[in-house]
Amino acid sequence: MKIYLVGGAVRDALLGLPVKDKDWVVVGATPQEMLDAGYQQVGRDFPVFLHPQTHEEYALARTERKSGSGYTGFTCYAAPDVTLEADLQRRDLTINALARDDDGQIIDPWHGRRDLEARLLRHVSPAFGEDPLRVLRVARFAARYAHLSFRIADDTLALMREMTAAGELEHLTPERVWKETENALTTRNPQVYFQVLRDCGALRVLFPEIDALFGVPAPAKWHPEIDTGVHTLMTLSMAAMLSPQLDVRFATLCHDLGKGLTPKNLWPRHHGHGPAGVKLVEQLCQRLRVPNDLRDLAKLVAEFHDLIHTFPILQPKTIVKLFDAIDAWRKPQRVEQIALTSEADVRGRTGFEASDYPQGRWLREAWQVAQAVPTKEVVEAGFKGIAIREELTKRRIAAVACWKEKRCPKPAN
C-alpha cells in the first residue's frame, strides 16, 4: 500500500498558495484493508474513506469508463492493480494530475508542472470530453487563477466548444450548474467565468438571459463601453472589488437583465428595464434553483438600481417608500447591499472605474436617519393599530426631509 497527496493541494503548494483541503490516493489496497486500518468508508459509487484522525479523504486508485450520458454516466474500477499514473490520467487538467509521495517527490506523468509554469489550463486527455461538468470547472479555474495570468489552452477551449455544440451541457443538473457558478462568483475575478462560458458557447445554453445582453447597445454618453453584456461583466468585476458577498455579486450580475427585452427599434434606450428584468431574474433563479435570499436581493436590485442613481432628486416620501419596498426594517443589511450593487453599476463602465458614488453614502445616511425614529414615542403618544405605522411613516419622512435639506445637495438646474 502506498499513499500519495494528489490534486489541488499539490497544485496550490507549487503555486505558493495556501493549501485548504488535502485529498489522498491509496495505491495497492483493498476496501477491507482500509477498514481494518480504521478508515471509515463514505463513498457509494467508488471507495472513498475518511482518515480516523484527520478526517481527510483517502480514495482508492481508480479508473473510469464512460457508460452513459452526462457527468454521472461513468463506471469506476478500483482495485489494487490500478496504478497511480492510471488514476491521474482520469483527471480533468494537467495541473490537477499531480501527486506527491511521502518523500516529497512530485509525480507528474502529464506535465502539469510545465503547464503551471506556463500558466496554462490544459486537459489531460480526450476523456475530458466525456464529462460536461468539466466545461464549468475549467471556466471556474480560469476565474480562480486569472490574477496569476492563467489562460485556457487553445486545444482545450476548442474541445469545450465541441462539447457545448454536441449538447453535452444539457445533461447537467441545475444543482451542479449552480454549485460551480456559486464557487466561481466567490473568486477574485468572477467575470472571467462568464466570459469563458461565452467563449465556448455555454453561456447561451446555461445563462440565456445573460447571453442575450451581448450586442445590446446602451447610450454612449452613459455607457462608453456601449455593449450591455460587456457592461454586465464590468459591473461584476467591480462588485468583486467592492464586496466578498455572494449575494451582492449575484445581484450585480443580474441587475440589467431587463435590457435584453428592449425592442430593437427602441435601442439604445431602455426605459423601464429595471422592473422588466425582475421576471427574468425570477426565471433564471427558478431554473437553476438559486437560494431564495439571493433571488430576492437580485430582484430588488434589478427593480430599484436606477432609482438609487437619482437619489438627489428623490422626495423624502419616495426614499421612505423605498425602505418599505426592500423590507429594510426587518432586513437592514439590504441597504448596504443595494448601495454596493448600485455603486458597482456606475463604476462598472469604461472610464468610470475610479468614480465617486455619493448616492451610496446618501442612501446609507438616509437609512440611519429613518431607522433612528423611535417607535416607542409613537405608541406612547396614543396611536393604535394601523395608525402606529402611518404616524411612524410620517415621522420618518419628516426626519429624512430635514436630513436631506442639510446633507444631500440638490442637483444644479
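For all residues, glycine too, the Cβ spot is worked out from N, Cα and C.
Here Swiss-Prot flags Gly8, Arg11, Arg91, Arg137, Arg140 as CTP binding site. If you look up Swiss-Prot, you'll see Gly8, Arg11, Arg91, Arg137, Arg140 marked as ATP binding site. Residues annotated as Mg(2+) binding site in Swiss-Prot, with sequence analysis given as evidence: Asp21, Asp23. Residues annotated as domain 'HD' in Swiss-Prot, with sequence analysis given as evidence: 228-329.
Local packing around the Cβ, expressed as the count of other Cβ atoms within 10 angstroms, is greatest for Asp23 among the binding-site residues Asp21, Asp23. Those same-chain residues not listed among Gly8, Arg11, Arg91, Arg137, Arg140 yet with C-beta within 8 angstroms of the centroid of the ATP site C-beta atoms are Gly7, Asp92, Leu93, Ile95, Asn96, Phe141. The binding-site residues recorded for this entry are Gly8, Arg91, Arg137, Arg140, and the Cα of Gly8 lies nearest to that of Asp23 (Mg(2+) binding site).
All protein chains shown were included, and the count of other CB atoms within 10 Å of the CB of Arg11 (CTP binding site) stands at 22.
According to DSSP, Gly8 (CTP binding site) is assigned to a helical segment. Using Asp21 (Mg(2+) binding site) as the reference Cα, a 10 A cut-off selects Gly8 from the binding-site residues Gly8, Arg11, Arg91, Arg137, Arg140. In terms of DSSP secondary structure, the domain 'HD' (228-329) contains 79 helix, 0 strand, 23 coil.
Around Gly8 (CTP binding site), the C-beta neighbours below 8 angstroms that are at least 6 residues distant in the chain are Val19, Asp21, Asp23, Asn96. Every protein chain considered, the tally of other Cβ atoms within 10 Å of the Cβ of Arg91 (CTP binding site) stands at 22.
The CTP-binding residues named in the record, Gly8, Arg11, Arg91, Arg137, Arg140, extend over a maximum Cα to Cα distance of 16 Å.
Each of the binding-site residues Arg137, Arg140 was ranked by the number of other C-beta atoms within 10 Å, and first place falls to Arg140. DSSP classifies Arg91 (CTP binding site) as coil under the three-state reduction.
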